[in-house]
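K.L.:
Just dropping this structure here.
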Amino acid sequence: MHLTLEFGGGLELLLEKSTKVHKVDVPPMDGEVKATMKGLLSWVKSNLIKERPEMFIKGDSVRPGVLVLINDCDWELCGGLDAELEDKDVVVFISTLHGG
Amino acid sequence: MPVQSTAAPARAGSRLCVRCGERKAALKRPKTLEQICRECFYIVFEDEIHRTIVDNNLFKAGERVAIGASGGKDSTVLAYVLSELNKRHNYGLDLFLLSIDEGITGYRDDSLETVKRNEIQYGLPLKIVSYKDLYDWTMDDIVKAIGLKNNCTFCGVFRRQALDRGAALLKVDKIVTGHNADDIAETVLLNILRGDIARLSRCTFITTGEDGPIPRCKPFKYTYEKEIVIYPLHDIFQSILRCIYSPNAYRGFAREFIKDLERMRPRAILDIITSGENFRISTTTRMPEQGTCERCGYISSQKLCKACVLLEGLNRGLPKLGIGRTAKSGAGADGNGERQGKRPERNRSSLHGKHGNLDF
């Protein structure tokens, strides 16, 4: 499944070469019929985050203060961790924890 | 009327905006939990700030107002929204951007580029004042002299004063800063944690310093950080820079705690502000008396203001002067121990500058 992931607000610093936009191919998660945000987060944690994962993940969700948008829509409206993803979705992560 | 036929979990944007009932909802507002579309969000976001400005009489027609602009998200959105509202509602304000250059290579020089872009985009005149010009020290120099401990103290104290001095140069009547509801809730908690009663009682005021030369106000007092971040999403300034020197760990804990609370109950942020507003300080609590610094004339509750004490330490090669909770340096060292002993909380509290924002 092809996804475009964007990281902002300082989260890009946790990734290789601080790259903001990542076009990725995410394999189906074990035991999941459809890809969900929960599966994506664990994939991102193991495959993209290079340092300080605690700045991104807390428990099995994003750290509070990190905003998530799926196709420009607040993920809280899409089901949060249970939100289902489809091919070519754009998921944006923005941290609000870095001062203003 | 078309019906969403599937019972599956709501897919992105499958619900309609509660305000217009036409477009797909894109955001859940933390303040009200309403689900609204992007177009309606811009309208309510700007309208609420307009209401805050009007209800609190923040400005008078003809005033000159400096926007404390750090290049970060809050002040950038503030500069945009305020210049739009000024035109739309005829506030009659003369707006300026005021930035502080602390002299941190690779951090502030980059964010000042954002401010310079804002100057052009919004057509607002920009004034930059630097630590180098005001104090003859850059933060890079200070860190070289004192190391990475306590450098935030210098930065915070100097920044507060630099903003006032820049505002005086611009001859403005008021300074506005981009402090948002999350920042204020965080500051209420921090002041409780530090036992800083003087700051606790004033940190929720939407306007402060009305007795001083240049009052400051916070039009985003009731605006959630989440909405400030989402507001400019398609604009160019999504890169947020982090100061290279220090993380200010204690404030970080308070910040994370606030965000944890927000996830469980978004109203918590406004409720903490309400709690802060309604604290009544015991009449037997000693409060600092405001006076002026004998050396520079800046507002101070001690003989010398904190900036002068710190600067003296730097220039005499004693950078620890004025640092630490037991420090009775500067003003205290010159005598007047009686005034010092009366207000131990003042010494301690002024050591913590907010990191990243202008002012604290």
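In case you wondered, yes, glycine gets a Cβ from its N, Cα and C as well.
Curation plays no part in TrEMBL annotations; they are all automatic predictions.
Take a look at what TrEMBL says about it:
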- B:65-203: domain 'tRNA(Ile)-lysidine/2-thiocytidine synthase N-terminal' (DOMAIN)
- B:Gly68, B:Ala69, B:Ser70, B:Asp74, B:Ile100, B:Gly178, B:Asp183: ATP binding site (BINDING)
- B:291-321: domain 'Cytoplasmic tRNA 2-thiolation protein 1 C-terminal' (DOMAIN)
- B:325-360: region 'Disordered' (REGION)
- B:336-348: compositional bias 'Basic and acidic residues' (COMPBIAS)
- B:349-360: compositional bias 'Basic residues' (COMPBIAS)
K.L.:
Which of the three DSSP-derived classes (helix, strand, coil) applies to B:Ile100 (ATP binding site)?
P.N.:
strand
K.L.:
When each of the binding-site residues B:Gly68, B:Ala69, B:Ile100, B:Gly178 is checked against chain A, which show a C-beta distance below 8 angstroms?
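P.N.:
Answer, by Cβ distance to chain A: B:Gly178.
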K.L.:
Among B:Gly68, B:Ala69, B:Ser70, B:Asp74, B:Ile100, B:Gly178, B:Asp183, the annotated ATP contacts, find the widest CA pair distance and round it to a whole Å.
P.N.:
20
K.L.:
Using a 10 Å radius around its CB, how many other CB atoms surround B:Asp74 (ATP binding site)?
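P.N.:
Excluding its own Cβ, the number within 10 Å is 27.
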K.L.:
The domain 'Cytoplasmic tRNA 2-thiolation protein 1 C-terminal' (B:291-321): mean pLDDT?
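P.N.:
Mean pLDDT, the domain 'Cytoplasmic tRNA 2-thiolation protein 1 C-terminal' (B:291-321): 87.
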K.L.:
At a 10 A cut-off on CB-CB distances, which of the binding-site residues B:Ala69, B:Ile100 has the highest count?
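P.N.:
For the binding-site residues B:Ala69, B:Ile100, the Cβ with the most other Cβ atoms within 10 Å is B:Ala69.
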K.L.:
Quick one: what's DSSP say for B:Gly68 (ATP binding site), helix, strand or coil?
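P.N.:
DSSP assigns B:Gly68 (ATP binding site) to strand.
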K.L.:
How many neighbouring Cβ atoms, not counting its own, are there within 10 Å of the Cβ of B:Asp183 (ATP binding site)?
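P.N.:
There are 29 of them.
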K.L.:
Could you tell me how many residues in the domain 'Cytoplasmic tRNA 2-thiolation protein 1 C-terminal' (B:291-321) are helical, how many are strand and how many are coil under DSSP?
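P.N.:
Residue counts for the domain 'Cytoplasmic tRNA 2-thiolation protein 1 C-terminal' (B:291-321) by secondary structure: 10 helix, 4 strand, 17 coil.
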K.L.:
Which number gives the other C-beta atoms within 10 angstroms of the C-beta of B:Ser70 (ATP binding site), all protein chains shown included?
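P.N.:
B:Ser70 (ATP binding site) is surrounded by 26 other Cβ atoms within 10 Å.
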K.L.:
Looking only at DSSP and grouping its letters into three states, which state does B:Asp74 (ATP binding site) belong to?
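P.N.:
DSSP call for B:Asp74 (ATP binding site): helix.
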